[in-house]
Amino acid sequence: MYKLLRPILFQIPPETMHDAAARVSSFFSPVAGIFSGLFSYEHPSLETQVFGVKFKNPVGLAPGYDKSGSFARFMAALGFSFIEIGTVTPEPQAGNPKPRLFRIDKDDAVINRMGFNSIGMKAVAENLKKLQHRSFVVGINLGKNKTTSNEQAAEDYLTGYNGLALFADYVVVNVSSPNTPGLRQLLEKEPLKKILNALPRSKPLLLKISPDMDNAQLDEIAEVALETKIDGIIATNTIATPEGGLSGEPLRRRSTEVINHMYKKLNGQLPIIGVGGIFSAEDAYEKIRAGASLVQIYTGMIYEGPGLVKRIKKGLVELLRRDGFMNISEAVGVSAK
């Protein structure tokens, strides 16, 4: 059905379409359970525990779709076991001027230059208070305000952590978006250590990394991750282009390469969430075999529709059965080489 509707929906500008979908999702969130019958599919072989948190399945929604926490319950009804909300900044900010979201249909890709548009930490916290009785995992993706200097960045991340960690199952430090000027400088060793060491550990702490780093830079990130004793890595953010961050199919191979490299460098000591170009169960399984314990999708939802999550989960069960694995955790990293 979605494939039939997609040509019509794609006549609508991407951000207008996103905002309309967000309003519909928010409206139906209080009664999200009525949709679970259409999209629910769970299997014991997909259950897993990562950084001390139990997940019904390894498929989550990447940040960017629900930046406010106002419709996470609806998205969970589509079959996601975890929803990552954000990016959230301490103070509200408008982000970059529109248009700032673009589809590249021929490549199954999206370019965004949103620039951390956020309703701010306090408003998000009010929305998250409504999610305390839930059956899905919530992550919070933290960013700094554009007006905050890199020298003061640690204070923004600490403010965000203190304001939102209470409502989350895990927290993500996002210093890898290509759409905030100078942000990726915080991936350098000393600034990154300053941020990570400033944050409490009341909830699992993860770092989201860039696909645009070479192996030496990735090795340095791995060393910092182990030294600062964070709980996991998210690989990866979008590819930097002059037009904005590129996601979707063009990111798939590179993000998998980064997952593979980080899994080997970390020797499996830290779990990895894999994200980038997942459009099928095979794409998800490729990342899991490369070293990802969990996966996230975003652009795939735009091109494949809400039924994608169920198809991925069913496909993963079949792939595990084909390869003789009893549980998804057994497949993590088996192809890393």
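Even glycines carry a Cβ here, placed using N, Cα and C.
Because TrEMBL annotations are produced automatically, they should be read as predictions rather than curated entries.
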From LYS54, LYS56, LYS67, LYS287, grab the residue that TrEMBL records in the same substrate site as ASN112, ARG113, MET114, GLY115, PHE116, ASN174, ASN179, ASN237, THR238. LYS67
In TrEMBL, FMN binding by PRO63, GLY64, TYR65, ASP66, LYS67, THR87, ASN174, LYS208, THR236, GLY248, GLY277, TYR298, THR299 extends, among ASN141, ASN145, to ASN141
Compute the C-alpha separation of TYR298 (FMN binding site) from ASN237 (substrate binding site), stating it in Å without decimals. 11
Please identify which of PRO63, GLY115, GLY248 has the densest Cβ environment, defined as other Cβ atoms within 10 Å, among these binding-site residues. PRO63
As a test of the contact definition, list every same-chain residue at least 6 positions from ASN237 (substrate binding site) whose Cβ is closer than 8 Å to its Cβ. ASN174, SER176, SER177, PRO178, LYS208, ILE209, SER210, PRO211, GLY245
On the 0 to 100 scale, where does the mean pLDDT of the domain 'Dihydroorotate dehydrogenase catalytic' (46-320) fall? 97
Span of LYS67, ASN112, ARG113, MET114, GLY115, PHE116, ASN174, ASN179, ASN237, THR238 around substrate - largest C-alpha separation, Å: 17
